[in-house]
């Protein structure tokens, strides 16, 4: 199922809520898929309708929202710390090298928060907005649905230094990738291979690709794992000393669809960034059988992705009285003046 402008998000919301009633008991004790049933029953519709609207003018936004959730969870857990702007108390994670001038979708999260504050004031956390938005983004792009465990609360601080070290680099070897995932508790090979499949849609900047094309590991030669035809195409898109912000599709075949083509690309030497191709081209790697399996069986990939997303979403959540429910995802509540204009929008100071 690909995105269509005629897709009924209300129908999707009803489907999701119905399924959640059946599966709520499958989550862990802290987070529950039915967390907002009584307090904000239209949360899926509100978030989904905004994504549908954004997709009409920005086909990248689904992948960008999934990436925001990933980059949030890898830094001290899924607590929406990535959404905080600079303050006198901390430096924003948006300035960290893995996020600066590449993480995007913050304005879309703002739209969701404003709409949810109107419908359900001080109820839905920014961390849960990110989680729901990533799931609906995958669904609207042709990927699977899953019961999203909810009930997270928001961090009151950001972690700039940790964002610089915890997030996997596009230049990582397989050993480095495994270490980065294990450091946050995602220590199964399937976690790494399935979550990497999020690169089945979206774009990357040439600056993260160019070293493979001209001077791989200081050899003054291209990465030998690159398909020769693909190398020629990438060099055309990303010339040496060219504009590093030019965008290239992760998946040359189905660039905006969430499917298993990513793994077929790896088998053909057409992984866009080094850390992706490492999953298949590292000799003797235990990731190779999974790449082959997910390439040949999309249903198996979808189930592995669901399992890994739920595991990632459960990384160190703030629950109960921990953290807070931010009224503005960019600002902690202590710095917000709760003054509402005629439209019910909270203004920050």
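Cβ atoms here come from the backbone N, Cα and C positions, even for glycine.
Listed features, source TrEMBL:
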SIGNAL    1-29  signal peptide
DISULFID  40-120  disulfide bond
SITE      67  site 'Transition state stabilizer'
BINDING   72, 75, 77, 79, 81, 93  Ca(2+) 1 binding site
DISULFID  73-78  disulfide bond
DISULFID  126-329  disulfide bond
BINDING   199  heme b binding site
DISULFID  206-238  disulfide bond
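Shown on the structure are the features that TrEMBL records.
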{"residue": "67", "record": "site 'Transition state stabilizer'", "Cβ neighbours (10 Å)": "22"}
{"residue": "72", "record": "Ca(2+) 1 binding site", "Cβ neighbours (10 Å)": "28"}
{"residue": "73", "record": "disulfide bond", "Cβ neighbours (10 Å)": "29"}
{"residue": "75", "record": "Ca(2+) 1 binding site", "Cβ neighbours (10 Å)": "28"}
{"residue": "77", "record": "Ca(2+) 1 binding site", "Cβ neighbours (10 Å)": "21"}
{"residue": "78", "record": "disulfide bond", "Cβ neighbours (10 Å)": "28"}
{"residue": "81", "record": "Ca(2+) 1 binding site", "Cβ neighbours (10 Å)": "28"}
{"residue": "126", "record": "disulfide bond", "Cβ neighbours (10 Å)": "30"}
{"residue": "238", "record": "disulfide bond", "Cβ neighbours (10 Å)": "23"}
{"residue": "329", "record": "disulfide bond", "Cβ neighbours (10 Å)": "22"}
Open item on the list: Applying a 10 Å Cβ distance cut-off over all chains shown, what neighbour count does residue 93 (Ca(2+) 1 binding site) have?
Closed with: 27
- [ ] Would you count the other C-beta atoms found within 10 angstroms of the C-beta of residue 199 (heme b binding site) for me?
- [x] 23
Open item on the list: For residue 67 (site 'Transition state stabilizer'), which of the listed binding-site residues (75, 77, 79, 81, 93, 199) have their CA atom within 10 A of its CA?
Closed with: 199
TODO: Let me know how many other Cβ atoms fall within 10 Å of the Cβ of residue 206 (disulfide bond).
DONE: 18
Open item on the list: Could you check which of the recorded positions 73, 77, 79, 126 is the closest Cα neighbour of residue 206 (disulfide bond)?
Closed with: 73
Open item on the list: For a quick check of packing: other C-beta atoms within 10 Å of the C-beta of residue 79 (Ca(2+) 1 binding site), how many?
Closed with: 29
- [ ] Around the recorded Ca(2+) 1 site, report the further residues of that chain (criterion: Cβ within 8 Å of the mean position of the Cβ atoms of 72, 75, 77, 79, 81, 93; site residues excluded), sequence-ordered.
- [x] 71, 73, 74, 76, 78, 80, 82, 155, 158, 159, 163
